[in-house]
Amino acid sequence: MLISVLKSKISYATITQKELFYIGSITIDEAIMERAQLTINEQVQIVNLNNGERLETYVIPGKRNSNIIALNGPAARKGEIGDQLFILSYALIDPTQEKLDPVLVDLKLND
């Protein structure tokens with residue numbers, strides 16, 4: 001049996017940009033993506049700490065070291081510039097065969 005477990009978590013990502021008329025996704029600074037071990041087009045869950053909104057989308061890389069966190073397309077309606085987010089990704093594992101320690105990136109601490 002496979003179970004879904006936390007693979008990566010980016011804490012306290014701040015929305016820096018919104019692009020409503022875009023095809024969708026969340027843009028994340030490529031350096032932050034690498035630290036969190038997220039891949040291009042990987043599915044993520046977004047939790048907005050300011051308003052409680054939750055959504056699922058996929059990741060696209062932003063300019064390295066720009067600190068960009070952009071909600072794109074319909075997701076842009078789920079937050080405002082300056083809102084703080086948790087960005088979560090999950091993996092399916094067989095708990096009898098393996099254990100997964102999640103990668104935690106805390107941007108509030110400048111991890």
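Just so it is clear, glycine is given a Cβ too, placed from its N, Cα and C backbone atoms.
Summary of the site annotation: Swiss-Prot records substrate binding at GLY73, PRO74, ALA75. Screening the candidates THR57, THR96 against this entry identifies THR57 as the one listed for that site.
Within 8 Å of the centroid of the Cβ atoms of THR57, GLY73, PRO74, ALA75, where the record puts substrate, the same chain has further Cβ atoms from GLY24, SER25, ILE26, LEU55, LEU71, ASN72, ALA76, ARG77, LYS78. The most densely surrounded of the binding-site residues GLY73, PRO74 is GLY73 (count of other Cβ atoms within 10 A of its Cβ). Cα of GLY73 (substrate binding site) to Cα of TYR58 (active site, proton donor): a distance of 12 Å.
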